[in-house]
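Trainee: In case it helps, TrEMBL gives these features for our protein:
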- 85-108: transmembrane segment (TRANSMEM)
- 120-142: transmembrane segment (TRANSMEM)
- 148-172: transmembrane segment (TRANSMEM)
- 202-224: transmembrane segment (TRANSMEM)
- 307-324: transmembrane segment (TRANSMEM)
- 331-358: transmembrane segment (TRANSMEM)
- 370-391: transmembrane segment (TRANSMEM)
- 425-443: transmembrane segment (TRANSMEM)
- 455-478: transmembrane segment (TRANSMEM)
Amino acid sequence: FLGAGKPPMYGDYEAQRHWQEVTYNLPIRQWYFNTSDNNLQYWGLDYPPLTAYHSFLCAYIAKLINPDWIALHTSRGYESQPHKLFMRTTVFVADLLIYIPAVILYCFSLKETSTKKKASICALCILLYPGLILIDHGHFQYPLSLGFALWGVLYLSYDWDLLGSVAFCLALNYKQMELYHSLPFFCYLLGKCFKKGLKGKGLVLLTKIAGTVVVSFAVCWLPFCTDMEQIMQVLRRRFPIDRGLFEACMFSSPPPHLANIWCSLSVLIKIKNIISPQIQLKLSFAVTFLSLLPTCIKLTVQPSLRGFKFALVSCALSFFLFSFQVHEKSILLVSVPVCLIINEIPFMATWFLLVSTFSMLPLLLKDGLLLAYAVTMLALLLACVASFSIFEKTSAEDLQLKPFSLSLKGYVSWFKSFPKIVRSLFLLSISLMGVLSLMSAAVHPPQRLPDLFPVSVSIISCLHFLLFLVYFNVVILWDSKNSRSQKKIS
């Protein structure tokens, strides 16, 4: 794993272990504060309270097995095969308890997967997604926030709005990056209340949801509510704005190798040098907000479960491309919602999942995961081809673009050859990713351009993501099915 045996930080494995050390040995009031026993510069806790509670639970079990694993101060940089097995087991158990059941139940709840075989195949394709296997699991990142978010989607699909609200509050209180999904949840539920009428059932539902959210947050934050300074310190640790626009990027050498718009533009324009951090923050907020606005308005005015799922993809992708302080692993927050619509648009979903994994290639190469990357990418592609016959589903109708094509009226002659064009672009894209992957692994870049391959991966991935953002917004804004599904909500 990345950083193993390399002081002073040792990598993500040490981060998770150190959080267990801190939460078990120190009182709660010290978890987020810089003290002689808790150096925040050394993997200080910077996630919400549920992550800290989970670390404490794992630490309690670790203490029973081997106290040396979490001994205060002396365990820093601790590495052993038994402890690695323990850490891997905790990730796997979290998967088994939260994420995998949510995926399986979601697939079995879909109308399109009417048989157990179809539902099982859909679940298999989602669980084969290389990003979670190689990145989240490889970096000891527990999939609990994504799992809770999936439970939220599942509950909302059954109109269990209060349970869905609780599940998403848990997700948000586990990792603040779940803000990527917050606006679709908010707009969908608010839209349902509007449709029911804010003078009747809608007002009752809105009051219940608001109360549920407040109570959920209060329970999660209760130990930190002893004074305002505690609350403010947790918030400061969750949102370290002063670190800058690209702080969360994995690579220290400029330009940062991240497939979002700011890092890609920095190749041509040194944004960090010509724009102050305050202006960077305002600019990223403005662009992110404007890119989200059409989807959020449509979902609020015409709430539907289908629109909600597509909005999760579109909004998360907007956050990834335009927001402040993004990490290359944040693309997973877009990929998991894409998995939820793989049964509806299997061709585009498969394409996106492949590109999202490719976008993390520089990080995977640093982890020494080239072979695992190639095998899991191929496994996902073959599974989707065999399960969904993706190359046979490239018509405008299959890609949910029929309403858009009809709106063009007399300018749709090129739509006749649309399937062939899309398949050709897909094959070109796959070939480009394959060639660049091989070159990144086997070819030494020119001395004058040491970052040539990582930057190329970032820019090519960013261009893909921009086109995907346009595509998903077109599908959402021209979706005529939303209006029909409003009747059910009403």
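Each position is counted from 1, following the chain as shown.
Yeah, the Cβs are placed from backbone N, Cα and C, and that goes for glycine too.
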Trainee: Taking residues 6+ outside the transmembrane segment (425-443), which of them lie with a CB under 8 Å of any CB in it?
Mentor: 347, 351, 354-355, 358, 361-362, 365, 370, 373-374, 381, 453-454, 456-457, 460, 464
Trainee: Which of 85-108, 120-142, 148-172, 307-324, 370-391 has the most Cβ pairs closer than 8 Å to the transmembrane segment (455-478)?
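Mentor: It is 307-324, which has the most Cβ pairs under 8 Å.
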Trainee: Under 8 Å between C-beta atoms and at least six residues away from its ends: which parts of the chain pack against the transmembrane segment (307-324)?
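Mentor: Same-chain contacts beyond the flanks: 153, 156, 179-181, 183-184, 187-188, 241, 245, 260-262, 280-281, 284-285, 287-288, 291-292, 295-296, 298-299, 330-331, 333-334, 337-338, 340-341, 462, 465-466, 468-469, 472-473, 475-476, 479, 482, 485.
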